[in-house]
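S.K.: Features from Swiss-Prot:
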ACT_SITE  Ser111  active site, nucleophile
ACT_SITE  His136  active site
Amino acid sequence: MSYQEKNTMPSIMDALVPMVVEQTSRGERSYDIYSRLLKERIIFLTGQVEDHMANLVVAQLLFLESENPDKDIYLYINSPGGSVTAGMSIYDTMQFIKPNVSTVCMGQACSMGAFLLAGGTPGKRHVLPNSRVMIHQPLGGFQGQASDIQIHAQEILTIKQKLNKLLAEHTGQPLEVVERDTDRDNFMSADQAVEYGLVDSVLNHRGQ
């Protein structure tokens with residue numbers, strides 16, 4: 001994950017979102033597939049974590065809270081990670097709102113994606129059996145005057161300490177273990193992620 005924002009261009013796949021047609025008392029009504037799933041309180045967090053995507057996820061979390069503050073929200077994650085600040089806006093909103101947020105990893109949850117996966121409601125964090133989870137320390141780069149480089153270096157160290165502390169709280173691992181395990185890219189299988197405490201269970205089929 002990076003503590004600096006990376007601009008990403010919308011994918012051409014964004015224009016290929018399937019539409020769903022429903023029959024209502026007022027006739028047919030069409031939704032894009034993600035809007036239809038939002039009605040079921042399902043949010044998708046996919047791709048690079050960046051400001052635009054984070055704003056959309058935060059808006060959906062707040063909307064679903066306003067719709068029903070007592071009903072769970074389901075956050076499906078398939079992300080390689082991204083900006084720390086964008087990710088933390090999602091994380092803070094997850095902790096702020098009243099509904100429980102159940103997180104599900106499908107495909108991959110790496111870096112900030114893994115952090116958000118672990119930040120779901122305890123007992124309601126899941127991973128699909130062939131998914132991969134990866135934790136590591138934040139990435140960053142800066143160029144400029146020596147004094148400014150020193151300031152940014154201290155900032156990324158501060159962020160590293162904060163993330164490690166929160167990850168220790170969510171996993172139940174000692175802080176020194178998290179610091180050791182995030183020193184380099186640390187990939188885990190679904191079962192290993194459960195054992196580490198990043199998630200609570202592996203979902204092999206619906207109904208578990």
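Yeah, the Cβs are placed from backbone N, Cα and C, and that goes for glycine too.
Because the structure is a prediction, the values reported are computed rather than measured.
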S.K.: Does DSSP give the residue listed as 'active site' helix, strand or coil?
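M.R.: Looking at the DSSP assignment, the residue listed as 'active site' belongs to neither helix nor strand, so coil.
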S.K.: Mind checking which of Ser111, His136 has the fewest other CB atoms within 10 A of its CB? They're the active-site residues.
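M.R.: If we count Cβ atoms within 10 Å for the active-site residues Ser111, His136, the smallest count is at His136.
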